[in-house]
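Each remark here refers to the structure printed beneath this line.
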Amino acid sequence: MIVVDYGGSVFPIIAHSPWNGLHLADFVMPFFLFVVGISIALKAPNRPEATWKAVGRAAKLFLLGILLQGGFLHGLNSLTYGVDLERIRLLGILQRISIGYIVGALCEIWLSRRTRREVGILKSYYLHWFAAFAIIAVYLGLLYGLYVPDWQFFVPGEGYSDLPVKCSVRGDVGPACNSAGMIDRFVLGINHLYAKPVYKNLKECNISSDKVVPESAPSWCHAPFDPEGLLSSLTAAVTCLIGLQYGHVLAHLQDHKGRLENWCGFSVAFLVLGLFLALLGFPINKPLYSISYMLITSATAGITFCALYLLVDIYGYRWLTLPLEWMGKHALSIFIIVSSNLAVIVIQGFYWKSPENN
């Protein structure tokens, strides 16, 4: 994420896809949610204690996300006094991870299951799969079933009056009239959404090199939209549940062959199903966290996990991944330091002989 954040402006192919499609940056969030799911399966304390710990951890992560992405920590170009509570962003990267984590943790703690020795992995945790299918059904029902009326919004400081967006549709999956944005505007309020959505890079918006959307662009190009919104967090949580099943395989099977066979079976099935849904017209879309996107990225995470397991645990090439291991142990600290620009500010505080040699 650090690479794509700072290198995306130079190499657009690694930055987030403006709407439909997959770029390198679009794999980061699913990979992290997948790993979070795996880690949940590796712990099994008593239920009430585990629940309180999970809720507390999720709450801390959620509040830390608001602290970082809500504006409490200043960026390089946003040195202001105080935070405008009327426009603070409520959702974000850490908030999404906290939602996925708590869904996966509660499923692991409270949904009854049999041991691996009695039945297969799929049947051992059938309630987890039922929960995943139920979440997907709710997501599809809201995304394709809700009617999205015409709406309008106000862009402060740009000399616009209320900008209208004409919709009056049901089941639209474009940036202007999808039900995910409508839900966020209604529940969270449009002022609490992400003000610089990546869809502003679409050709229709004709964004300039200095990231300014011209007045001639469609009105929705100026509108906020949260890529970590409420509706898309449902399918994001399913990625955690998928990772949880990989973790169950790791916890219950002791032989390398059995683990790899199960993981590869899951990965191939998810990949084929995701590609099939994409061919049927379900777009691969990260801002909406579409079903096809969830399945394809989860499958990719599973394949990557198998490759690393083969490299490190079976063939013993651990030294090749030591930098990744160090980053994994300190992922949250690294994210905080970089996302709040603390590292960049420190680096810019030193130069040799003259400030130009920063």
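Backbone N, Cα and C atoms are what each Cβ position is placed from, and that goes for glycine too.
All annotation found in TrEMBL is predicted automatically rather than curated by experts.
Features as listed in TrEMBL:
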- 22-42: transmembrane segment (TRANSMEM)
- 54-73: transmembrane segment (TRANSMEM)
- 93-113: transmembrane segment (TRANSMEM)
- 125-147: transmembrane segment (TRANSMEM)
- 230-251: transmembrane segment (TRANSMEM)
- 263-284: transmembrane segment (TRANSMEM)
- 290-312: transmembrane segment (TRANSMEM)
- 332-352: transmembrane segment (TRANSMEM)
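Segment contact holds for the transmembrane segment (93-113) and the transmembrane segment (230-251), given three or more CB pairs below 8 angstroms at sequence separation of 6 or more.
Taking Cβ pairs closer than 8 Å, the transmembrane segment (230-251) reaches residues 29-30, 33-42, 91, 96, 99-101, 103-104, 107-108, 116, 121, 124-125, 128-129, 131-132, 135-136, 138-139, 142-143, 179-180, 183-184, 187-188, 258-259, 262-263, 266, 270, 287-291, 293-294, 297-298, 301-302, 305 in its own chain, all 6 or more past its ends. Counting Cβ pairs under 8 Å that are 6 or more residues apart, the transmembrane segment (22-42) and the transmembrane segment (125-147) reach fewer than 3 and are not in contact.
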